[in-house]
Every structure is written in structure tokens, then in C-alpha cells.
Amino acid sequence: MSNEQNLTEEQISEFKEAFSLFDKDGDGSITTKELGIVMRSLGQNPTEAELQDMVNEVDADGNGTIDFPEFLAMMARKMKDVDSEEEIREAFKVFDKDGNGIISAAELRHVMTNLGEKLTDEEVDEMIREADVDGDGVIDYSEFVKMMLSK
């Protein structure tokens, strides 16, 4: 099995374990039915069409089921998404100068000015308002994540 996804041996064996939880009959492939059973046991309630879409998304050979290499490729892709989460966290720290977990208008103005963006108070307030879901006048981490992911 080639490891083009740069996964560690440990990750591969964890994914193998997860795969066998899905692969109820142990035939080496996950059907939409098996996927549904696991999803429901995790408190999800996917429709038949959603399950089919999920399988189709990773079913590289088009045989209607997910085999282990396809499962591995899907997990590796998900792991890459985690990197972007780390990048968002780093970006948040840049703005959150005092490290109190929120970005104030002053912090936002400071960073934007350092980036060469001369903004008026109104423009800074507008940026805060756009990202400030709960209306408390500052941007917390979850609001920052939402803003970054909606770009």
C-alpha cells in the first residue's frame, strides 16, 4: 500500500480500525447501508441520497462502495483541512494582540494599519459589525473562524 498521503503508520492503523467499524460484514468495502448504520450510531440522520453522495464523493473506482485506499484518501484530505484550522488560529493570534481571546476595534485597526491599510473608525467599526455575530462589539474566535471560512 503506497503512502502518498504522508500519513504516519499510527494514523494508518487508526484509520484501518475506523474503517473496520464501518465495514460491518468485513468484506473490505463500505456500502451506503453500512455508512448509514455508523452515522446513525453517531447521532446523525442522513438521507439515502446524502449517504449516496458521501460514497460517490470518495468512490474513485465508481463501484458504489468505499474500499480502504479510498477511505484513506478521504481521511488524508480531511487531515489537510485541519491544517487550515491551524492557520486560522495563527491568524487570530496576530489580531488578538493582548491574547484575551477577542479582537477589539483597536486591535483590528492596529493590525490593518501595520498592513498598510489606513482605515477610518467607521471602516473599522463596519468590519467588526460584519463579523460580530452576537453583537457584543468585538470578534471572538468562533466569529473569526466563520468570517474566514465564508471568504
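Placed from the backbone N, Cα and C atoms, the Cβ positions cover glycine too.
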Candidates GLU126, GLU143, the one Swiss-Prot lists with ASP132, ASP134, ASP136 as binding Ca(2+) 4: GLU143
Same-site residue for Ca(2+) 3 (record: Swiss-Prot; known: ASP96, ASP98, ASN100; options: GLU90, GLU107): GLU107
Other same-chain residues whose Cβ falls within 8 Å of the Cβ centroid of ASP23, ASP25, ASP27, SER29, GLU34, the recorded Ca(2+) 1 site, in sequence order: PHE22, LYS24, GLY26, GLY28, ILE30, THR31, THR65
ASP25, ASP61, GLU107, ASP136 as binding-site residues, winner by CB count within 10 A: GLU107
DSSP three-state assignment (helix, strand or coil) for SER29 (Ca(2+) 1 binding site): strand
For the binding-site residues ASP27, ASP59, ASP96, ASP134, the one whose C-beta sees the most other C-beta atoms within 10 angstroms: ASP96
